[in-house]
Structure formats: structure tokens, C-alpha cells
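Report on the structure given below.
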Amino acid sequence: MKRLKSVARISFDLLIFAGLCLSEVALRKWFKPYKRGFFCNDESLQYPYRESTIGTVLLVVIVLAVPSSVMVVVELFKQLSPTTIEKRKSSQQANTKSGCRIGERLMHCYIQIGYYLFGLALCLVSTHITKYTVGRLRPHFFAVCQPQLPDGSTCKDSFNFGRYIEVYECVGQNHTANTLAQLGQSFPSGHASIFFYSMVYLAIYLQAALSTRASKLLKHLLQFIFIMFAWYVALTRISDYWHHWSDVVAGTILGSLIAFVVAVFVARIFVRKPMRNNGNVAPKPPAKPAASPTNSSAKSNNSPPVLPAYTFGTLPYLPHPHAATAAAVAAAAAQQQAQYAQTYHNYGYMSQPDFDSFDVLLLTSVYCVALVILPQIMKTHQRGFFCGDESLLYPYKQETLLKRLHITILVIAIPAALVLCIEMLRVAFPADKTTSTASSLVPKSPQQYVFVGVRIPTFVSECYNTMGVYLFGLALVLIVTNLSKGFTGRLAPYFFEVCQPILPTNETACSSNDHFGRYIENYICSSLTSTAHLLTVMRQSFPSAHASTTAYAMLFLTIYLQARLQTGWLKLWRTLLQIAALMISLLVSFERLSSYRHHWTDVLFGLLIGYTMALFMTNLVSQFFKKVPVKVRRIREDASNIYGYYTVMPRPRYY
């Protein structure tokens with residue numbers, strides 16, 4: 001009976017999925033998009049035609065192969081992990097048939113991939129319904145269509161300027177019928193919606209499926225890479241002139257929203273599902289018999305206490321170089337491990353996992369990519385312009401105080417000093433337990449790290465962890481911003497004054513009326529007073545790096561203050577500091593507008609990048625508001641033979 005129910009449910013799911021696929025085929029075959037009109041002098045439709053950087057075939061291969069492969073690998077990795085195997089070997093219910101459970105893991109892969117494909121079909125149908133309903137023309141409409149009116153006139157005739165033309169015929173000869181049919185399907189971007197659905201769903205899946213045992217930052221770096229891949233594809237749709245920027249924004253929002261709804265509410269990947277053994281739920285471990293007082297005292301004297309279960313990460317114990325022999329140290333470590341029956345965990349005062357050596361190496365690599373490798377290998381896309389574009393005619397102004405100081409002061413020095421002061425205040429003035437949040441509680445006996453015999457103050461450990469996460473997020477913001485600048489190549493508002501473009505014929509651009517209405521891509525800058533750096537920055541307007549980095553720094557500090565400062569008399573100062581931080585980010589953004597350094601959309605997207613990254617780092621990586629219980633355990637007997645270990649500090653000290 002259960003087998004029949006499973007077959008019926010699978011068949012019904014496949015029927016729904018087939019219905020969505022048939023709907024997509026029917027939309028493409030029997031429905032035509034709305035035929036929208038145009039103005040002959042609409043410069044947004046006069047861009048040249050270019051082949052897509054990411055074609056349709058490559059799109060299909062990526063969105064099907066990459067998420068499916070990752071899900072299969074993750075599910076098998078979870079199945080074959082040493083921890084899981086050891087637990088099954090020690091279980092009384094384990095046997096030869098249930099030790100691997102490969103069939104169950106394959107079923108999990110089928111379920112996860114099925115949910116993903118269901119959401120992908122929803123995204124496709126939603127995107128094409130919107131495309132066919134709106135019928136917005138693509139930026140290369142005139143280059144591909146070459147519209148001709150019923151009277152034989154074209155947009156080159158002056159009497160057609162200012163008219164909204166709805167009745168026309170495309171007479172372009174150099175393009176396929178499929179390209180002509182897609183001219184009215186610009187909104188929203190299908191590439192952006194599908195790629196963002198795929199990568200956002202994959203990032204959410206990794207958040208639920210992967211732990212942070214090996215590294216605190218590795219999982220989040222993988223999520224960032226997948227999201228950046230989708231962001232790159234979305235930007236290519238703008239630089240290839242296949243979509244307007246608003247089409248890409250709408251596709252990004254649509255795909256991300258569908259991914260979130262399907263992952264959280266349909267697949268419910270954050271809901272823990274019990275493992276099954278031979279069709280039944282795995283039995284609970286047998287309850288331990290109540291111990292007598294005599295046995296309890298004997299156990300406490302003869303055996304060490306059981307350590308708490310694994311929570312975030314472990315800190316490896318390195319043999320001391322001055323130990324007698326390596327063999328003796330290894331034997332002592334093995335004996336100690338056998339006594340405790342599990343790794344000696346970092347489980348105590350700190351509200352986030354340790355920033356271990358692998359994470360430091362990972363952070364260093366990310367900064368090398370952001371500050372050294374990308375500026376050397378990435379070339380900025382040379383974008384064209386219209387002579388009548390008034391947004392590029394603003395004057396050039398000299399840099400203000402924010403030329404270089406904002407990077408070191410606003411986003412590095414101020415956060416580091418503020419975090420140091422806050423952690424010292426937390427130890428000096430503990431918060432009231434009745435009014436404080438989980439991350440602000442300082443226990444009576446916080447655990448303290450001892451490195452080579454030196455007790456590290458608690459506030460130093462907290463500063464180390466917090467600033468490590470903060471700097472990791474700042475590096476990701478820099479990577480997103482610099483890659484976006486290179487891919488888009490948007491011209492700054494002071495472009496004409498700084499560049500003074502000339503054509504290959506040595507004719508000054510925009511000097512003749514014939515140049516107006518043309519999109520000019522082939523040009524060189526003739527200004528003799530502009531430096532090479534200024535000419536490069538001139539083509540890197542989108543997004544604003546000042547806005548993105550400052551927004552990230554200030555919102556990170558705002559959330560950090562909310563989680564840390566809970567003492568009554570400090571709450572007023574907390575509010576003032578939070579308002580000041582947010583005002584600084586807005587003032588920096590307004591300064592970029594008033595000095596004509598960026599367009600308003602550049603500043604807006606810079607703020608969105610910074611704020612989004614700050615929310616991600618504070619809520620998912622640092623977990624400032626997540627409670628970590630404190631467990632007191634005795635000091636290891638071999639503590640003198642290892643570099644670093646955790647012990648219990650009798651009194652909180654910050655000196």
C-alpha cells in the first residue's frame with residue numbers, strides 16, 4: 001500500500017511538471033507577443049546588434065547541469081561523511097543493508113532536483129508570460145528590424161520624428177527569423193531570471209545542506225561565487241545590448257523571488273526530515289538508567305565529563321615543538337581522544353565560530369583577488385555614447401577629502417576602533433540578563449583561549465572573530481563592485497569634458513549634426529590634460545565603489561551595535577552611533593552625486609550592494625543574534641603539550 005502511494009505521488013508530481021513544460025511549449029508555438037510601437041528618435045532603441053556572450057544552448061546546459069551536479073555531490077558527501085558512518089557503526093540498529101543507504105540518498109537527490117526543476121519551469125512560464133504581455137522592444141531594435149512604414153517611408157525621413165508608430169514592417173535582411181521574432185521580448189530578461197533562480201536556489205540549498213565544520217567562510221564563499229556568476233550573466237545582457245537595465249533588474253527580482261518561495265515553502269529545505277531505516281523512522285537512542293549517588297560520584301572521579309555536541313567548528317591542536325618525542329605526544333593525544341570520545345570543541349563564550357587558520361588563508365586569497373589580480377587582468381569594456389546624451393555633459397570637479405581617506409578611515413579604521421571599544425565595554429560592564437539579547441550575554445566564567453601558555457584576553461578573541469568576518473565581507477563587496485565596473489563600462493557624467501572624443505577620421509565627435517542620433521562606439525580620447533588613471537575611471541561609473549563600501553561598513557556596524565550594546569546606560573549611545581553610521585553612508589552617497597562623479601543609478605546600486613552584503617554577513621555568517629550556550633569542562637591533561645586550547649577564566653578581564 002505504501003509503495004502504491006509513493007508511485008501515485010511521484011506520478012502526480014511528474015504530471016504537474018509535464019503540464020508546466022507543455023504550457024511553455026504552447027506559449028512559444030501558438031501565442032505571439034504584443035506588438036509595441038516606437039518613436040523614431042528614441043535613442044534607447046538605437047544600439048548596435050551583438051551576439052550574446054551567453055547563448056541559449058549554454059544557458060540550458062548550465063542551469064540544468066551545475067545545480068544538479070552540486071546537489072548530487074552534496075547529498076553523497078553527507079551520506080559518506082566519516083561522522084555519519086561512525087554513528088551508524090556504533091548504533092545498535094545498524095546492519096549490513098542499512099550501512100550505506102545509497103538508495104535513500106538517491107531518492108533525496110531525486111526529490112531535491114525535482115523541486116528545483118519544478119521551480120525552473122515556474123520561472124520559465126512566468127518570464128515568458130510577462131514577455132508576451134508587455135512586448136517591450138530590445139535596445140538593438142532599429143539595427144535588426146530597420147522598420148518601414150506602410151507608405152514606404154522610414155525613420156530617416158524627418159516628418160516621422162515625434163510620431164508614435166505602431167504599424168510597421170521589419171525589412172532587415174541580415175538576421176534570422178528567430179532574432180526578428182524576439183525583438184519584442186525584452187522585458188523581463190529571461191537570462192537574468194533563469195540564472196538568478198538557478199544560482200539563488202543553489203545558494204539557499206547550500207545554506208541548509210552544508211555545515212561550517214571544515215571552514216567558517218568556505219560555504220559562504222561558494223554561495224558568493226554562484227551568485228556572482230548569475231550577476232555576470234545579467235550584466236552581459238546589458239553590455240551586449242539585448243536588454244535595458246530595467247529588464248535585467250526585473251528578471252533578477254523575479255528569479256530570486258521564485259527561488260526563495262520554492263526553496264523555503266515548497267521544498268522546505270530548512271525543515272529537518274528524519275532519516276528512515278527499512279521504512280521506519282530511526283528509533284530514538286535508549287534512555288540511560290538513573291545512576292545512584294555512589295555510581296555518580298565514582299564516575300565523576302574516574303572519567304572525564306562528556307563534552308557538548310558539535311556546534312560550529314573545531315580548533316586543531318598542534319604538537320608543541322619542545323615536546324619530548326613526537327610519538328609520545330601522538331600517543332597522549334590518542335589516549336585523550338579515546339577518553340573524551342569526540343573532538344575537544346570550541347563551545348563557549350564566543351557568539352560566532354572561530355576564525356581558524358584556513359579561514360585566514362581564504363581571506364588573504366580573496367583580498368589578493370580583489371586588490372591585486374582583478375585590476376591586472378580585467379579590462380574595462382569600452383561603451384559607446386550618443387552625442388545628445390545630456391547625462392555625460394557635466395563638468396569635472398577635483399576630488400574632495402574622500403579621494404583616498406574614505407577607504408582607510410571610514411571602512412577600516414573606524415570599524416576596527418569601534419569593535420575594539422565595544423568588546424572592552426562588554427567585558428567591563430556586563431549587560432543585564434533580563435534585558436540583553438543572546439549575543440550580548442557575558443557568562444560568569446567565559447572560556448578564554450590560551451596560546452603557547454599566554455592567556456589571550458576575551459575581548460581580543462571577539463575582535464579577531466568579528467573583524468575577520470567584516471573584512472571578508474568587505475573583500476566580497478570590492479570584488480562585486482570592481483567586476484561590475486569592468487563588465488558594464490558605464491561612462492561617468494564628466495565624460496565629454498575629460499575625454500574629448502574624436503573619431504578614427506580625426507574628426508571631433510559630435511561636431512556635426514550627422515553625428516546626432518548615432519551610437520558611437522569607435523572613438524579615442526584626445527584630451528592631453530587627463531591622466532591615464534582618470535581616463536580609466538571615467539569608464540567605471542557603475543556602481544559607485546564609495547557608496548557600496550561605505551554602505552556595507554556602516555550597516556555592519558549598525559547591526560553589530562544592536563547586538564552587542566545592551567547595557568542600560570549605553571543604549572542611548574548605541575542609538576546615536578547607529579544614526580551617525582547610517583548618516584555617514586548617505587552623506588558619502590550624496591557627495592558622489594553633487595560632485596558629478598556618478599549617476600544616481602550608480603549610487604543606488606552601490607548602496608544596494610553594500611546593504612545586502614552587510615545583512616548577509618551579520619545574519620548568516622557572524623550570527624550576532626544566535627545564542628550559544630556555555631559549557632564548563634575541565635582542562636585537558638596534555639594542555640602543556642599543545643599550542644592553543646580553551647580554559648575557563650575565573651573573572652572577566654579586559655586587560
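Glycine is no exception: its Cβ is also placed from the backbone N, Cα and C atoms.
Residues or ranges marked as transmembrane segment in TrEMBL: 52-77 (among others).
Tertiary neighbourhood of the transmembrane segment (109-129): same-chain residues 13, 16-17, 20-21, 23-24, 27-28, 63, 67-68, 71-72, 75-76, 185, 188, 190, 193-194, 197-198, 201, 205, 251, 254-255, 258-259, 261-263, 266-267, 269, selected by CB-CB distance under 8 Å and a gap of 6+ residues from either end. The transmembrane segment feature in TrEMBL is assigned to 109-129 (among others).
Among the features that TrEMBL reports, domain 'Phosphatidic acid phosphatase type 2/haloperoxidase' is placed at 113-263 (among others).
Per TrEMBL, the feature transmembrane segment maps to 192-210 (among others).
Same-chain neighbours of the transmembrane segment (217-236): 52-54, 189, 191-192, 195-196, 198-200, 202-203, 206-207, 210-211, 248, 251-252, 255, 358-359, 362-363, 366, 472, 476, 479-480, 483-484, 487-488, 616, 620-621, counting only residues six or more beyond its ends whose CB sits under 8 Å from a CB of the stretch. Feature annotation from TrEMBL assigns transmembrane segment to 217-236 (among others).
Beyond its flanks by at least six residues, the transmembrane segment (248-271) meets 112, 115-116, 118-119, 122-123, 126-127, 130, 187-198, 200-201, 204-205, 208-209, 230, 234-235, 237-238 of its own chain at Cβ-Cβ distances under 8 Å. For 248-271 (among others), the entry in TrEMBL reads transmembrane segment.
Marked as region 'Disordered' by TrEMBL: 280-303.
Residues or ranges marked as compositional bias 'Low complexity' by TrEMBL: 289-303.
Non-local neighbours of the transmembrane segment (405-425) in the same chain are 458-460, 462-463, 466-467, 470, 474, 546, 549-550, 552-554, 556-557, 560-561, 564-565, 567, 570, 577, 584, 588, 654; each lies 6+ residues outside the stretch with a CB under 8 Å from one of its CB atoms. Residues annotated as transmembrane segment in TrEMBL: 405-425 (among others).
Marked as transmembrane segment by TrEMBL: 463-483 (among others). Away from its own ends, the transmembrane segment (463-483) comes close to residues 216-217, 220, 224, 228, 231-232, 350, 352-355, 359-360, 362-363, 366-367, 369-371, 374-375, 378, 411-412, 415-416, 419-420, 423, 543, 545, 548-549, 552-553, 556, 560, 606, 609-610, 613-614, 616-617, 621-622 of its chain (Cβ-Cβ under 8 Å, at least six residues beyond either end).
Over the domain 'Phosphatidic acid phosphatase type 2/haloperoxidase' (467-618), the average per-residue pLDDT in this prediction is 91. Sequence annotations record features per position, and here TrEMBL assigns domain 'Phosphatidic acid phosphatase type 2/haloperoxidase' to 467-618 (among others).
According to TrEMBL, the transmembrane segment annotation covers 544-561 (among others).
Residues annotated as transmembrane segment in TrEMBL: 573-591 (among others). Distant neighbours of the transmembrane segment (573-591): 400, 402, 406, 410, 418, 544, 546-547, 550-551, 553-555, 557-558, 561-562, 565, 603, 606-607, 610; these residues of the same chain sit at least 6 beyond its ends, with a Cβ under 8 Å from one of its Cβ atoms.
Tertiary neighbourhood of the transmembrane segment (603-625): same-chain residues 207, 216-217, 220, 351-352, 437-439, 465-466, 469-470, 472-473, 476-477, 480-481, 484, 542-553, 555-556, 559-560, 562-564, 585, 589, 592-593, selected by CB-CB distance under 8 Å and a gap of 6+ residues from either end. Per TrEMBL, transmembrane segment is recorded for 603-625 (among others).
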Quickly jot the same-chain residues contacting the transmembrane segment (544-561) by Cβ under 8 Å, restricted to those at least six beyond its ends, or write none. 402, 406-407, 410-411, 414-415, 418-419, 422, 466, 470, 473-474, 477-478, 480-482, 485, 574, 577-578, 581-582, 584-585, 588-589, 591-592, 597-598, 602-603, 605-607, 609-611, 613-615, 617-619, 624
